[in-house]
Structures are given as C-alpha cells and as structure tokens.
Amino acid sequence: MMASRHTVLMRLVASAYSIAQKAGTIVRGVIAEGDLGIVEKTCPTDLQTKADRLAQMSICSSLARKFPKLTIIGEEAYLHTYPKTVTLKMKEPTFHVNERAEVSHVRSFGDLPFEEVDQELIEDGQWEEILKQPCPSQYSTIKEEDLVVWVDPLDGTKEYTEGLLDNVTVLIGIAYEGKAIAGVINQPYYNYQAGPDAMLGRTIWGVLGLGAFGFQLKEVPAGKHIITTTRSHSNKLVTDCVTAMNPDDVLRVGGAGNKIIQLIEGKASAYVFASPGCKKWDTCAPEVILHAVGGKLTDIHGNALQYNKEVKHMNSAGVLATLRNYDYYASRVPESVKNALVP
C-alpha cells in the first residue's frame with residue numbers, strides 16, 4: 001500500500017537518505033577498526049580503501065534490491081578479490097561482507113549476487129520526513145527504469161586516509177533524461193571536532209523544484225571572492241584559472257561534495273576546478289543541492305553536465321560552481337584555460 005501512495009522519485013530519495021546514513025556508519029566503522037585497506041588505483045593521489053568498497057557495496061546492493069530497474073553507476077572498481085569475510089568491529093552495528101572482484105564500475109546492478117552480500121550491509125529503511133513532501137509535478141510520473149543513480153561511496157578518499165575527516169562525504173545523485181534532479185550528501189564526520197557529546201554526522205538532501213534541506217543556507221559577505229579548489233589534484237591550469245578570479249582567499253580542500261557544502265554554507269563563493277579529474281558521481285548529487293537553492297554548476301565553458309547512462313564518466317572540461325554571481329566568475333576564465341579543456 002505504502003508504495004502506491006508515493007511517487008517513485010520520492011520513495012527513491014527517502015531510501016537514498018537512509019542508505020547514505022548507513023554508508024556513513026560504515027565509513028566511521030572502518031576508521032574505528034584501524035585497518036583502512038588502502039589500494040592505489042591510477043596514481044598515488046587516487047586511492048581506494050576498505051570503506052570505499054564496503055560503502056559502495058552497501059549503497060548499490062540496498063538500492064538494487066528495492067529498485068531493481070534502476071541504472072546504478074558507482075565509482076569503485078573492486079581491485080582485488082577477498083575470499084575471506086571482512087568483519088568490522090565497532091560500536092555501531094558490525095558488518096560482514098565478502099568483497100568480490102566482479103562488482104566493478106557498476107552499469108546496472110542486475111547481476112550482483114545478492115546472497116553474497118551480508119544482510120548487515122543492506123539498508124531497507126526510508127526517511128519518512130521525505131515521504132511527507134510533495135513530489136514536484138514534472139517528476140510525478142517518472143518510472144524506475146528512467147532513472148540513473150550516480151554513487152560515490154566515499155568522496156575525498158585521500159583526505160580520509162590522512163585524517164582530514166570533515167572533507168569526506170557520501171554522494172548519491174539521481175538523474176532523469178540526462179539532468180541531475182535529486183541528490184543526497186552524507187557527511188559522516190560533521191561535528192567531529194565539536195567534542196564527545198556532539199551529534200556526529202549529518203545528511204543533506206534536495207530535489208529540484210522542491211528545495212534542499214539539512215543545512216542553513218548562508219552567503220559569503222558581499223564583495224568577497226573566496227575560491228575553493230582542489231587540494232590534491234592541482235596543476236598549472238587550475239592555478240592559472242584560480243589566479244584569474246582575483247580572489248581574496250583560496251581554500252584548498254578535498255572532495256567535490258565538501259566544496260559544494262562550502263558554497264551553500266557561506267565559506268566560499270566559487271568552486272573552480274579547471275582540469276579533468278572529477279567524475280559524474282562526484283558532481284551529480286552536489287549539483288542538485290546547489291541548483292535547488294539557486295546556485296549554478298557547469299563545466300569551465302559554461303556547459304551543463306549530462307548524466308545519462310551512456311555519458312563518459314569524466315568531467316573532462318572541469319567544473320565551475322557558485323551559489324551567486326556565476327557570471328562574474330565565468331567571465332574571468334582565461335581563454336587559454338578554455339582552449340586546453342575540451343568538453
């Protein structure tokens with residue numbers, strides 16, 4: 001009965017909220033256990049940990065069980081086969097899972113051997129507060145098979161391995177007809193420096209046409225130009241583009257989700273990344289949150305990003321995002337930078 005009363009989109013967002021919270025719990029649990037299981041992917045700054053692997057398995061398996069017709073595209077290739085069962089010992093629930101090699105760069109999760117994923121990794125709940133919200137009319141008849149979900153189970157992995165825990169997010173973005181329309185960002189370590197009694201972690205969510213929730217919207221003081229950019233993937237193009245913005249201050253932090261949160265909470269005015277490097281799963285959910293509160297995210301040329309299932313994963317023409325005054329920053333991107341970055 002419950003399923004028929006709510007639209008597919010709002011049920012999916014409500015489930016993604018609970019699933020992202022579970023993933024945040026897994027991310028904290030791996031740190032608490034102490035063995036991060038770090039693997040280098042393509043280079044020393046492109047890392048994967050046990051938390052990336054387990055969180056992706058949890059997110060994708062949980063979504064696919066409840067919404068079997070979705071297309072789910074996740075970041076993490078499972079670089080090794082682990083025949084052993086991994087147990088996470090932690091205060092929050094204990095998870096066991098067989099980490100397997102074949103769950104790689106998920107296009108559709110139809111072939112996932114569900115019986116191999118421990119039930120403790122599966123999140124079946126949904127956030128009831130979201131189900132109380134009206135679905136924007138333009139999305140009320142969307143079918144499950146029309147949606148593409150982009151998953152980054154742990155955005156800011158390098159920072160995670162270095163203890164910069166406030167940089168870390170879990171990202172679940174939902175796209176329809178190539179456009180990012182709904183998203184969930186979990187910050188597992190929000191408040192982690194606020195003392196032992198502070199509530200650890202938070203979840204931000206949004207749907208275009210409805211709004212974004214779970215944070216206090218704040219703008220940088222008028223006339224201030226504060227740029228947030230990459231901490232671990234900088235190069236001359238990135239530096240040239242940031243310098244051309246004539247910023248008052250430059251913040252170098254990890255994670256695309258983290259940078260968009262800086263924009264919506266008034267810590268930065270523009271996110272400038274003039275380089276290939278970030279992927280569709282990095283930008284899908286954050287873009288929704290930003291757009292839902294009147295901001296704008298594009299590539300460095302001003303083109304909207306596309307999120308249909310056939311699209312290439314790399315955002316090869318970089319990212320430019322602002323909460324306000326987009327044109328001020330877009331107009332300052334040097335032609336040399338634009339010429340170097342082909343969409």
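One-based numbering along the chain as shown.
Glycine is treated like the rest: Cβ placed from N, Cα and C.
Annotated features in TrEMBL:
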BINDING   Glu75, Asp152, Leu154, Asp155, Asp282  Mg(2+) binding site
Taking the Cβ of Asp282 (Mg(2+) binding site) as centre, how many other Cβ atoms lie within 10 Å?
27
Can you tell which of the binding-site residues (Glu75, Asp152, Asp155) has the fewest other C-beta atoms within 10 angstroms of its C-beta?
Glu75
Number of Cβ atoms other than its own within 10 Å, given for Leu154 (Mg(2+) binding site):
30
Check: same-chain CB within 8 A of Mg(2+) site center, minus Glu75, Asp152, Leu154, Asp155, Asp282:
Asp52, Val151, Pro153, Gly156, Thr157, Thr169, Val170, Leu171, Gly255, Ala256, Gly257, Lys279, Trp281
